[in-house]
Every structure is written in C-alpha cells, then in structure tokens.
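Novice: After the structure tokens below, expect a handful of questions from me.
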Amino acid sequence: MVLILLFFFLPQVTGYLDDCTCDVETIDAFNNYQLFPRLNELLESDYFRYYKVNLQKPCPFWDDNSHCGMRDCAVQPCPSDEVPDGIRSASYKYSEEANNLAEECEEAKRLGAVDDSLSKETRQAVLQWAQHDDSSDSFCEADDIHSPEAEYVDLLLNPERYTGYKGPDAWKIWNSIYEENCFKPQNVKRPLASGRGDDGGQTFYKWLKGVCVEKRAFYRLISGLHASINIHLSARYLLQDTWSEKKWGPNITEFQQRFDEVLTRGEGPRRLKNLYFLYLIELRALSKVLPFFERPTFQLYTGNKSQDAEMKHLLLEILHLAKSFPLHFDENSFFAGNKKEAAKLKEEFRLHFKNISKIMDCVGCFKCRLWGKLQTQGLGTALKILFSENLIEKIPESGPSYGFQLTRQEIVALFNAFGRVSTSVKELENFRNILQNMR
Ligand SMILES: *[C@@H]1O[C@H](CO)[C@@H](O)[C@H](O)[C@H]1NC(C)=O
Ligand SMILES: *[C@@H]1O[C@H](CO)[C@@H](O)[C@H](O)[C@H]1NC(C)=O
Ligand SMILES: *[C@@H]1O[C@H](CO)[C@@H](O)[C@H](O)[C@H]1NC(C)=O
C-alpha cells in the first residue's frame, strides 16, 4: 500500500491564483493560525449552532430515491426546548427590528417620503428595495421557516462527514448543477466527461476563458464548493465501524482519488484553486458587510445578554480580521462593471443560484441535504452582499438599515458556510503533511 502511494504526487497548489493576485501560502497562514480558531469559537455559540431547516421538501426536478434510511445520513432535530428562547420565539428582537423596518419601508414608499438628503441613486435603490421583499432579492430558495415541517437542527451534533452517499445519485446532483446551471452550453463538455467529446478539457477551458469574469467566477465558486465538500468527506471518513467503536478520520486514498494531479488528469489542483477562490470571495463578502454588523442596534440575540455581547465582540473581531487581509482583486472587475450589465448579471446569477438551491431538495441523504442547503444559502448570502456593496456602504451608523437586510437564517448560513471553507483550507494542510511524511 505504502509503496503504491509513493508514486502519487502531492496536489500542487502553490503561488498565485487566477483572477486575483493573492498567493496560497499567505491564505494558509492567515486562515489556519488567525481566522480559523476564532471562527470556530464563534460557530460553537448558541446563536450560530441552531439552524432551522425543512428537510421534507420534495425534489422539484425528478423522483428522488431517498437514501434517508441510511444510518449515517440521519439528522437529529433538536427538541425545541433545547433551542434558546431568544432564538425560538418569533418575536425575538432582531426580527422585530426587521419587521418594523419592512413596515417603515412600505410607509416610505407609499408616501414617496424617502429622505431628500439621499442621492437620487440611493433613493432609487431604496425604493427598489422596498418593492422587493426579502425573498425576491435573495439568491436562494429559502425554506419557509414557519412551516410546521421546518425544524431546528443543532449543527454541532450533526457534523458534515462521510455518509456513504455517493455514486450515481450524488453524481446526478452535481452533474445537473454543472450542466444546467453554470451558464455552460450543452455542446461544451466538462473535463473528465465520459464518452465522446472528452478532449482533456481543452474545449471547456477555452470556453471558460472566453466568458466574462463573473460567469467564470460562478463556475469556479461551484467547483470550489464541490471541492470543499469532498475534502470534508475525505477528512471525516468512516475508518472503523464495529459495534463497539466508530472512528472518523482522514482517508488519504479517498483524498487522492479526488485531488491527485495524475489520477485526476490535472483536475485536482484546479479544483483546489477553486476552493481558494471560493474562500477569497466569501472572505471579501465578510469584509464588505462589516457596516451592517457594526451598528450598535445589531444584536446576536439569544436572550443571554452577556453571551450575546461577547459573541458580537468576537464577530466584529473576525470581520475586522477579514478586512485586514490584503485582497487584491481588481475592484472594478467583479460585480461592478457597467451598471446595466451589472444589473442584468445580478439577475442571471440570482436565478441560476436560486435553482441550485432548489436542487438541494433533491439530495437523497438528509445529512448531506442539510449541509448542502446551509452552504448554498451561505454562498448565496455572500453573493447578495457582494451585489449590494453600494447599499451597504450607505448604511447609517445608527438607525435602521433600509436598503440592506439579512435574516438570522442568512447570518447563520453565511458564517457556517465560511466556517466549512475555512475548515477545508485547514484540513488541506493536514493532508499535505500526511502525504509529505509518507514520501
Ligand atoms: C434548473 O435546474 C434543473 C435541474 O438541473 C433544470 O432542469 C432546469 O432547466 C434549471 N432551470 C433553470 C431556469 O436554470
Ligand atoms: C478509504 O477510501 C477508499 C475509497 O476511496 C476505500 O476503498 C478504503 O476502504 C478506505 N479506507 C479505510 C481505512 O476506510
Ligand atoms: C450566559 O452566558 C454565559 C457565558 O457567556 C454563561 O456563563 C451564563 O451561565 C449564561 N447565563 C444563562 C442564564 O444561561
């Protein structure tokens, strides 16, 4: 076994990344030693560990043959008395604020009484936003959290890990995401596609290079998400399964099959680059959303005052840290080109992404469905932030934020999704060390 492994190559991702002048080594050091430990602490807090989800929605696209009977796929919902009152009660403070806001916005629209001191552009934006309710502007098909089928799940008790859900069913999910929802024309085959037309990805990469930077970004984000999920499954593999003991840990073979440069004909390192790209995009969203969380009226409300204050402090520390990371994207190249173009792109992105979030209802394993929904909602929230940069910059320090809102669900998803990607970057280091020691 060890002998065979000697011939494997380390998936080489080093140096600069495409579409960004940042290098992998800087990201590793920043994430693994500064951001990851703080983020982990935050995600263990009550505010962030409970996520409400409806796992019973039927798949809108095809008949799913559910694997939900598989033991490791089960999700344990929380008895509702375990969820802190502040989160459970429909009238918790934050949502009250949000409701008032919605009403105020309606009122403002009705009277046409948007503050005159705002620029024409902002007024326009405020009015537009008031017309869209939260759901119409979101990038995901959000679960109706008031549905009787929606339940709170304790994310700490239901970790994302290997479930045995793979093969044709899992493949079908990713395939429909890539094939029908990533702007890709049908005649362009993805690399490693089976059958005719597989030219080692040449046509594909030529196509990818030719599309605008945002559409290329969209594909890379999906690929990064796919890579991240696969890293978790390889890192939390069910290694031993006897009646007395279950052991989860890294499975190098599984990792190699997905990321080794030779075994994947060069795709592995590209996938890992896309993972870093996803990391940077979500990091950028965090750095941009700071004004929203910095407002004194914003609370991470659970009902425990001292804990809420402590966690808000930690949250802001993380956001400032994110802001301090030198992200050398070209400010004008992403999501911010020509105004008309940008609006059109935003809408296209939103529709594609919304569809991807619906596909998550087709994932035939509850555990994977839970984490799939959470991570797509998190990425969708990051995109919503990036497309709302101008609105966020105009959020007043005190008083309500008219133009831009996030629900608790979106906030929980945003940070947990980023936590997953941050964990992947950290686990990658672990795999690199294991592989190095095997040489
Ligand atoms: C949404 O995804 C499904 C399943 O992959 C696909 O059949 C459908 O064409 C997609 N719709 C849009 C609008 O992209
Ligand atoms: C690791 O994963 C491979 C599949 O990639 C599997 O065949 C093997 O049994 C796993 N090893 C352990 C120790 O579970
Ligand atoms: C509130 O949170 C703190 C920790 O931040 C904890 O020590 C305390 O017991 C909590 N209070 C209640 C009433 O749960």
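Every residue, even glycine, has its Cβ placed from backbone N, Cα and C.
Sharing the feature lines straight out of TrEMBL:
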type	residues	note
ACT_SITE	C365	active site, nucleophile
ACT_SITE	C368	active site
BINDING	R161, T163, W174, S223, H226, R258	FAD binding site
DISULFID	C68-C73	disulfide bond
DISULFID	C365-C368	disulfide bond
SIGNAL	1-15	signal peptide
Novice: Over the residue list R161, T163, W174, S223, H226, R258, recorded for FAD, what is the maximum interresidue Cα distance in Å?
Specialist: 21
Novice: Under 8 Å Cβ to Cβ from S223 (FAD binding site), same chain, six or more residues apart: give me those in sequence order, or none if nothing qualifies.
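Specialist: Non-local contacts for S223 (FAD binding site): R270, R271, N274.
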Novice: What subset of the binding-site residues W174, H226, R258 lies within 10 angstroms of C368 (active site) at the C-alpha level?
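Specialist: Of W174, H226, R258, within range: none.
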Novice: So which binding-site residues are near C73 (disulfide bond), with CA atoms within 10 Å, out of W174, H226, R258?
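Specialist: Within 10 Å Cα-Cα: none.
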Novice: What is the total of other Cβ atoms whose distance to the Cβ of W174 (FAD binding site) is within 10 Å?
Specialist: 16
Novice: Neighbour count first, Cβ atoms within 10 Å, every protein chain included; then name which of C73, C365 tops the list of recorded positions.
Specialist: C365
Novice: Could you state the CA-to-CA distance between T163 (FAD binding site) and C365 (active site, nucleophile) to the nearest Å?
Specialist: 8
Novice: R161, R258: which of these binding-site residues has the highest Cβ count within 10 Å of its own Cβ?
Specialist: R258
Novice: Cα of H226 (FAD binding site) to Cα of C365 (active site, nucleophile): how many Å, rounded?
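Specialist: Here the two Cα atoms lie 16 Å apart.
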